[in-house]
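J.: The structure that follows is given in the form of structure tokens.
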């Protein structure tokens, strides 16, 4: 992955509060380089092996396995700091200023004054956090995984799992679909070899090495539903490593071994033969969509899961899915739509499968990685968010997409390949009832999701860069302007910032609604301000965003620290401080705009649902000459509309460009 630092590293994670998946932050992709952990001398043998991989896509099996390299790298990373208490409280009040009334702010100032008193509640909780930080690898990571993901009870579909829309493929026939899927699988195995051999290039951000742990969590893993909290299983390590993927076609699941007995991966030709066998033995279209159970509310699914696993055959089939490296979904074609809404429909298809009558039963949504290849050439993926943010997923995707373009290297030797194993399910009346219930709930969600993919063609990241402005800050400010023009106010805005500079780091929040952004958006349509004044306010606001971003990626943002203080109080069995029961805290955590920059080399876009009922989910991939946006909202909210937001966002971007072109740069 190449990179110039533009803001934060794109990352992801849901968040607490009203909803879920928090997103990746405003920064361009991290660079990849080989890295000798500070203070460690790498042996000549290890160094040679590290440098053995040229930048091209080579068969990784030829590389020696570098045992212990990952561990060595991880141990050299710094621990996530606990920010100073007074700093966080000051910045919290500053973050509230643009989104609450002066009266509410005055009340919160009193609560903060009480909380920060010497020897008071705040200091006691802060000391507890500092003790926790000393005795754990990362004081936040376990808490975050539980609160943001595993204890989150809404369905993972739409509410937590992001999708990715890939460029449409031109398949002449069904063979084209299967050949592409075969090549895709070969590319996944090529990437997996780098993970297994610990030869994956370490990523850097602003010259600092990043935590690579998430790469080791995304393959051979699966979420397991539980009555109050889910869990994650990972079969990537240990003696019984996964050797198969799951393939789904017409709601029927198959276990496909992707390695020969000598450990070498099947070639694309061999995988194609196996996929043909799967296709030809799953032509019936009247099968019960067992996978639709994974779309339900987590408590309902946990109950149905236990019910499903009472049967020995069902249990074996479910375990085979959970243990698989990933899932490949061979979808039926999408209903034909006009060109202008095609990408938006594909985004919906990636997020939820289109409903029980279309492809939603052709999934196992608890699986970390599901690649989707439809008969009509629509393709992409959906991933379960708990193990990873967006960038590792996109890095894998960039590698795989590049790999699929490589020409075949001649015919593979003909070998006898065993028939892929069909995974059987015994459907009792009770399970049938659970499926019907899940279908109904899913179809309501499908109808409720309003999603718009917009390709903004007028300019890409090149323009803000030419003005010496961070592209991410420029886009975030355009979102603030669009929202203000639509609603006449600023709102709590979430943009994810990567904490991967630290061991086991996930995300924190960049609060894009700031005092400076509000000053700019208010001035933009004001007749009292000159273009020069407006342009100066624009530059000042983008600079403030850049500074908040830098602060966040260095572990000094406010959101995770405040969450930690609250969770520390719960752990200490003391009453929750009034600061966290305050209306202002609820407003600050109600993210009407949940946003994420997820840059990729591939011309794709990630998408996700809003995190509150009256909010928007906005994800974007800034390319050099254009920007891909995916904007989501809920139809059940009369006040939000994805197409309207797209329209206002487009206008905001254009108006901001006109403003900068009209006003010469002045020294702020």
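In case you wondered, yes, glycine gets a Cβ from its N, Cα and C as well.
Quick paste of what TrEMBL says about this protein:
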type	residues	note
DOMAIN	80-651	domain 'Choline/carnitine acyltransferase'
ACT_SITE	385	active site, proton acceptor
BINDING	461, 465, 466, 467, 468, 469, 470, 471, 472, 498, 546, 597	CoA binding site
BINDING	494, 496, 507	(R)-carnitine binding site
J.: Name the residue among the binding-site residues 466, 470, 496 whose Cβ has the smallest number of other Cβ atoms within 10 Å.
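T.: Result for the binding-site residues 466, 470, 496: minimum number of other Cβ atoms within 10 Å at 466.
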J.: Considering all pairs of residues in 461, 465, 466, 467, 468, 469, 470, 471, 472, 498, 546, 597, annotated in the record as contacting CoA, what is the maximal C-alpha distance expressed in whole angstrom?
T.: 25
J.: Compute the C-alpha separation of residue 496 ((R)-carnitine binding site) from residue 546 (CoA binding site), stating it in Å without decimals.
T.: 13
J.: Given that the record lists 494, 496, 507 as binding (R)-carnitine, what is the largest C-alpha to C-alpha distance among them, in Å?
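T.: Across 494, 496, 507, the widest Cα separation comes out at 11 Å.
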J.: Among all protein chains shown, how many Cβ atoms are found within 10 Å of the Cβ of residue 472 (CoA binding site), not counting that one?
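T.: Here the count is 31.
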J.: Taking only C-alpha atoms and a 10 A limit, tell me which of 385, 494, 507 are near residue 468 (CoA binding site). These are the recorded positions.
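T.: If one measures from the Cα of residue 468 (CoA binding site), no recorded positions come within 10 Å, so the answer is none.
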J.: Among the binding-site residues listed here (494, 507), identify the one with the smallest other-Cβ count within 10 Å.
T.: 494
J.: Which one is it, among the recorded positions 385, 466, 472, 546, that lies nearest to residue 507 ((R)-carnitine binding site) by Cα separation?
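T.: Checked the recorded positions 385, 466, 472, 546; minimum Cα distance to residue 507 ((R)-carnitine binding site) goes to 385.
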J.: Relative to the Cβ position of residue 468 (CoA binding site), how many further Cβ atoms are located within 10 Å?
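T.: A count of 9.
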J.: Just how many other Cβ atoms lie inside 10 Å of the Cβ on residue 546 (CoA binding site)?
T.: 20
J.: In whole Å, note down how far the CA of residue 494 ((R)-carnitine binding site) lies from the CA of residue 470 (CoA binding site).
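T.: The separation of the Cα atoms works out to 18 Å.
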